[in-house]
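*Asks:* Okay, here's the structure, questions in a sec.
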Amino acid sequence: MELYPKNKIPISEVRKFLIIFYIVGLVGFIIPFSKPFFITITPYALLLNVYLLAIYHAKYTLKYVLIFLIIFISGYSIEVVGVKTGLIFGSYIYGNALGIKLFETPLLIGVNWLFLSYTAIGIAEKLRIKKWLTLFVAPALMLVYDIVMEQVAPKMDMWNWQNSEVPIRNYVAWYVIAFSFVLLLKAFKIKTSNPLSAILFICQFLFFTALTFLL
């Protein structure tokens, strides 16, 4: 299953594009008059990232598609319960920056759980550590990503916490859920080796880190 002829775009050019893409996004967010526009296009930018990752995924089989769907649906459902009850992560509400919402939860949040699980495993597996350690390192990478995101998300109209405080249980829940998704991918031997995993994860991480200090 080909989503796009890979050989038409050299991977080095895609990496250059992504670096420029995030630099432009960074500038767009820190300039006051352009910030509202960049907030509006945030979901499309994230979907473009996911599409590029999908293009360079090695193969698609029914098993792969089903596991990806399970993570998407599970991640989204957990967030719905979290928003409605406040029991999983704490009390928070989503803003409008992540696009279309169903049950007060952006559909894109399920995609994001899949995106982060997939790319984090890809990075962890390149660290030349024992295979069983990737089960703990990949979720740890996702947790560090979330810690950074929490500092800037309210400023980007992604989500807001009650009393503007992030509960410790949010981070505990994040790690447990991330570990579960990583375990699922590893248990079903889903290959996540992808030439764009590292650059996408790192670009997003540095982007949000920079915005933490610049917004």
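Quick reminder: no glycine exception, Cβ is built from N, Cα and C everywhere.
Heads up, here are the entries from TrEMBL:
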TRANSMEM  14-31  transmembrane segment
TRANSMEM  37-58  transmembrane segment
TRANSMEM  65-94  transmembrane segment
TRANSMEM  106-124  transmembrane segment
TRANSMEM  131-148  transmembrane segment
TRANSMEM  168-188  transmembrane segment
TRANSMEM  195-214  transmembrane segment
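Show me how these features fit into the structure around them.
*Replies:* Tertiary neighbourhood of the transmembrane segment (106-124): same-chain residues 43, 46-47, 49-50, 53, 68, 71-77, 79, 94, 98-100, 133-134, 137-139, 141-142, 145, 177-178, 181-182, 185-186, 192-194, 197-198, 200-201, selected by CB-CB distance under 8 Å and a gap of 6+ residues from either end.
Outside the transmembrane segment (131-148) by six or more residues, the chain places 116-117, 120-121, 123-125, 170-171, 174-175, 178-179, 182-183, 186, 201, 204-205, 208-209, 212 with a CB less than 8 A from a CB of the stretch.
Tertiary neighbourhood of the transmembrane segment (168-188): same-chain residues 63, 67, 70-71, 74-75, 78, 82, 88-90, 113-114, 116-118, 120-121, 134-136, 138-140, 142-143, 146-147, 150, selected by CB-CB distance under 8 Å and a gap of 6+ residues from either end.
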*Asks:* Taking a Cβ cut-off under 8 Å, which residues six or more beyond the ends of the transmembrane segment (14-31) line up next to it in the same chain?
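*Replies:* Sequence-distant neighbours of the transmembrane segment (14-31): 37-39, 45, 49, 52, 56, 156, 196, 199-200, 203-204, 206-207, 210-211, 214-215.
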